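To start, the structure itself, in structure tokens.
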């Protein structure tokens with residue numbers, strides 16, 4: 001983990017700012033392309049398929065042609081039980097989230113995204129990866145109340161668009177939980193490129209089915225304006241966003257990532273009111289989002305506190321290692337004393353080969369134990 005001050009290898013800027021820039025660009029361009037008042041391309045599934053197809057093609061070139069990274073050992077079982085479910089919910093979250101741009105403003109979409117911690121917490125509790133804690137639950141209630149107040153103050157409130165966005169949020173939350181449960185259970189780790197290499201094509205196929213029945217008939221009879229550079233730049237921003245998210249996680253800490261996410265939402269809400277004049281923000285919007293933001297900040301504080309507590313726990317590791325080493329050495333001494341036991345018949349001791357030792361797997365590998373022993377001896381000698 002870095003301190004967040006190192007720049008991106010591509011731009012030289014801090015990685016959190018890079019990720020924030022790409023996130024803002026993706027949301028603004030996507031809203032502009034799908035909006036019936038601007039570019040008027042009312043086909044969110046098609047746009048999402050373009051993103052997935054482009055990302056999958058670039059990942060294929062990087063893995064198979066240029067060999068930037070090597071593919072992981074992917075079996076059919078892992079692909080069927082991990083990649084396919086994750087890709088299905090990833091495609092669903094993108095589909096519903098992009099469809100919401102047809103009905104509600106970009107600013108209001110960002111306010112609804114404050115529900116993301118609530119959805120993730122609920123899905124984690126349902127899947128058994130997290131426990132129901134009342135301090136976290138109270139924060140979730142605070143976030144929900146803030147979103148309700150913000151929705152009540154929305155001038156252009158639309159039930160259909162709100163349902164689409166909330167459904168996409170819960171689909172994304174379930175994808176995150178499934179990623180943790182399934183991939184960690186299989187011991188599979190994917191970097192940004194291999195993630196897109198396996199997930200993007202599968203998500204493309206999941207999107208193809210609803211596209212064929214819902215959007216393809218409308219595209220045949222409507223006058224579609226297609227601008228290559230607009231769609232290409234949108235796909236580039238989506239691809240860069242996926243990469244930059246992993247860059248931020250890899251080079252910064254949890255606090256930096258969470259604070260950057262909050263700042264990004266504020267920047268996007270303010271920018272959307274400039275780019276889209278119809279995105280009027282009322283005082284009740286601001287009050288509701290401020291309430292929700294307080295809950296999000298408190299939730300982030302609790303999660304970061306838990307992470308730091310788990311990181312501080314290894315401070316007592318030398319003590320535990322010493323105890324484990326002592327117990328292991330004592331077991332070895334005990335077993336060595338048991339190697340020769342007096343025989344009741346003739347008083348002759350039995351050899352080690354005549355006895356079957358209890359071969360327990362040590363808590364710490366033997367190489368680590370020898371290293372610990374050398375360290376302790378050198379410490380005693382000094």
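Cβ atoms here come from the backbone N, Cα and C positions, even for glycine.
TrEMBL annotations:
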type     : residues : note
COMPBIAS : 338-353  : compositional bias 'Polar residues'
DOMAIN   : 40-300   : domain 'Sugar phosphate transporter'
REGION   : 335-361  : region 'Disordered'
TRANSMEM : 41-66    : transmembrane segment
TRANSMEM : 78-96    : transmembrane segment
TRANSMEM : 102-124  : transmembrane segment
TRANSMEM : 136-157  : transmembrane segment
TRANSMEM : 163-183  : transmembrane segment
TRANSMEM : 195-214  : transmembrane segment
TRANSMEM : 226-248  : transmembrane segment
TRANSMEM : 255-276  : transmembrane segment
TRANSMEM : 282-302  : transmembrane segment
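A contact between the transmembrane segment (282-302) and the transmembrane segment (78-96) is absent, since fewer than 3 of their C-beta pairs, 6 or more residues apart, lie under 8 Å.
With a cut-off of 8 Å on Cβ pairs spaced 6 or more residues apart, the transmembrane segment (41-66) and the transmembrane segment (136-157) reach fewer than 3 such pairs and are scored as not touching. Remote same-chain residues near the transmembrane segment (195-214) are listed as 45-46, 48-49, 52-53, 55-56, 58-60, 62-63, 71, 74, 79, 83-84, 86-88, 90-92, 94-95, 239, 242, 246 (criterion: CB distance under 8 Å, separation of at least six residues from the stretch ends). Same-chain residues lying 6+ beyond the ends of the transmembrane segment (78-96) with a Cβ under 8 Å from its Cβ atoms: 44-45, 48, 51-52, 164-165, 167-169, 171-172, 174-175, 178-179, 182-183, 186, 188, 198-199, 202-204, 206-207, 210.
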